[in-house]
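Notes for the one structure printed next.
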Amino acid sequence: MEALLPVLQRHTGLSVLVCALMFRVAHRLLQNLPVPKVVAVDDFRSWKWRNLSVSMVHSLLTGTWAVTCVIIWPEMATNIHSFYTAPAYILICISSGYFVQDAGDIILTGHARGSWEFLIHHVLVLWCFLYSLYSHLYVAGAVVALFVEVNSVTLHLRLMLKLASQQSSPLYQINKFLNVFTYVVFRLSAQFYLTYYIVQNYSWMDKGGYFLVTMTLMNTMILIYFYRLLRADFFPRSRPSMALNGTHNVKKFFTE
């Protein structure tokens, strides 16, 4: 990895595009896997299933990678401004490629209108990640931010089970508790820790204002999503609402 680092740093933009292409290849390969019948007969469900499949690959890879990096190099959690390693830099490059690919998939397949919240999220993440890749600053912070991908594994599984109309299955019931646990431990905790770090060191941080605004927007989004998640899985208001959160309005899968 050390030998690869100078190459990536000299050709950052191209490296991100190559990583995006790799995820696009994964997208094509995953189409060959069997899907539930209820998914296969619906165009939106089929697209969403493929999109979530690629997202699952990204989450499994980057979530594990990010946690491993911090375990091996604990300084990443205490010096998010300037500390980084070759594996950390490569991780951010790979993850940036995924977000480019996913944004392109959403836009080019005509789902931008229904996924505008996710496009805003991707733009915010990409701005931060690309700044880190080009400036070599906040790479460790980006690694900590990718802790959220541990939660994304259970979140994507939840959505895929809903697409397959498996809300009553034992796997869904187990996963909904794991999902809340990982949401708090890996998503909320990581986001709030980064926000706290920025506030504490705001006076000397490069682009501190932008990062603080970005984190505030993202914190607002994840708290809204957390409320929606709890409401949908643990406090359904009525049977009609449960139908909307289940299979009758599949576009709600993005947020419910």
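Backbone N, Cα and C define each Cβ position, glycine as well.
Here is what TrEMBL records for this protein:
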type	residues	note
DOMAIN	44-238	domain 'TLC'
TRANSMEM	51-74	transmembrane segment
TRANSMEM	80-100	transmembrane segment
TRANSMEM	112-132	transmembrane segment
TRANSMEM	138-157	transmembrane segment
TRANSMEM	177-198	transmembrane segment
TRANSMEM	210-230	transmembrane segment
Of 51-74, 80-100, 112-132, 177-198, 210-230, whichever stretch has the most CB pairs under 8 A to the transmembrane segment (138-157): 51-74
Most Cβ pairs under 8 Å with the transmembrane segment (210-230), selected from 51-74, 80-100, 112-132, 177-198: 177-198
Local confidence of the prediction over the domain 'TLC' (44-238), expressed as mean pLDDT: 93
